[in-house]
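Asker: Quick one: this structure, given as structure tokens, is what I'll be asking you about.
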Amino acid sequence: MALRVYNTLTGTKEDFVPIEPGKVKMYVCGVTVYDHCHIGHARANVVFDVIYRYLRSLGLEVNYVRNYTDIDDKIINRANREGVAYDAISERFIKEFDRDMAQLGLLLPTSQPKATEHIPEIITLVQTLIDKGFAYQMGGDVNFCVEKFDPYLKLSKRNLEDMQAGARIEVDERKRHPMDFVLWKEAKPGEPFWESPWGKGRPGWHIECSAMSMKYLGETFDIHGGGKDLVFPHHENEIAQSEAASGKPFVKYWLHNGFVNINSEKMSKSLGNFFTIKEVLDKYDSEVLRFFLLSAHYRSPLDFSDQNLTEAETGMERIYKALVAIDETLASNPATGGEEIDASSLGEAERELFDKSGSLPLRFREAMDDDFNTALAMGHIFDLVRCVNRVLSEAKERSNTLSALCAQVKANIGKIADVLGIFTSEPASLLTRLKDRKASELDISVEEIERLITERAAARKAKDFKRSDEIRDFLLGKNIVLLDSAQGTSWSVK
């Protein structure tokens, strides 16, 4: 099965065929760095990180560009409020964005250009649009004339006349048409500016991405990504100005991730219903957040809530507990795990595990080839984990065959982990990290829990079962669940 992607431009799933065989050029709109990033930003960046990883896993050479918008009205307004230079704001939030993305396990893109470092390219592009009759100067502003670009709105499938009739747009004497958009803004007193043929000013938002993407990827490239909220006006305007300037198709495949919702409303700063990445990571492990963001298909809406994050944490724990059990099995039989498995000698449950483990890479590939369906891919992992748990619970001894099966499962999950960017932690350490984080929210310390477990073990040894039960019940009242095994007593947070 060939990789198929949903192209917003055509509204259909299409076979993904790179313009240049073996190579992929991909641009994703980055953040405007004026404030803390929220979970909507996290989703977009994790989604395209996984797409980047998957394309590379197919043996493709990927040139991945993600920009920073480091000059904008919002940046200037914040700088004025704080009484600092605009670039003090942008640099502060670039560093914070980079830290957030590193915590979420993102790979670095090939290039991360800043708008302010590409002013000459932006000015050249604006001048080209003027020379070709697609843009006009009005005072110190330069605007794009949407009526001159016939395919305008082909991405969002809107109608220009309907939009003009239905919109409540204030008359702007600097525009010939209400939907014309700014390419170059005249600087107001006290604002940062750059010299240009049209006077002192700065670039508009849309032209920045066109100039940077075409510099690093060429006039036509394979993938342009971003959130659905960018389809109009940002990506629509990018298409108009880029294709008007070059006379060539701008992008072959347009990919857009769905919104993160709270109470059925899109999470956004403008609505005031957002949670920053830092706020969420103060409460949940970064791998839990990444797991949650990949638990739905990237184009589907994703409902954000404590309950859904807790459910994601529980699901991830289930997989990691199976990985710990696998590691313990391999540790108990260290000389085995690499030999061939004789399928004909396996029992029913072992044979099911053997088959599902062996087919996992193919099933994962089929899911990802279907428009990067991480939700289905993760479902296959859960299916395999159920088989692992059944086989290990029914096993009467840690045989060589069992170790070989465990080694196969671990290797195949590892291949998937590298693409999804999850299940990459050392399993026992990850579970300890999750447990300690949960315990920190309880009104009992980890040290006290461990002390009581030691006291309970002594009580059981002395056959003081009354005291043993008292300790167990006391801890259960604190949401601490004890699990007794031959290796001792472990605990978890309910």
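Any Cβ shown, glycine's included, is placed from N, Cα and C.
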Asker: Looking at 201-205, 226-230, 266-270, 436-440, I want to know which stretch Swiss-Prot calls motif ''KMSKS' region'.
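Answerer: Swiss-Prot lists motif ''KMSKS' region' for residues 266-270.
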Asker: Do you know which of 31-41, 53-63, 75-85 Swiss-Prot annotates as motif ''HIGH' region'?
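Answerer: It is 31-41 that Swiss-Prot annotates as motif ''HIGH' region'.
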Asker: Ranking the binding-site residues CYS29, CYS209 by other Cβ atoms within 10 Å, which is at the bottom?
Answerer: CYS29
Asker: With a radius of 8 angstroms around the mean position of the C-beta atoms of CYS29, CYS209, HIS234, GLU238, what other residues of the same chain does the Zn(2+) site pick up?
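Answerer: For the Zn(2+) site the neighbour list reads TRP205, HIS206, GLU208, SER210, SER213, HIS224, GLY226, LEU230, HIS235, ASN237.
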Asker: What does the structure give for the C-alpha distance between CYS29 (Zn(2+) binding site) and LYS269 (ATP binding site)? Integer Å is fine.
Answerer: 17
Asker: How long is the line from the C-alpha of LYS269 (ATP binding site) to the C-alpha of HIS234 (Zn(2+) binding site), rounded to the nearest angstrom?
Answerer: 17
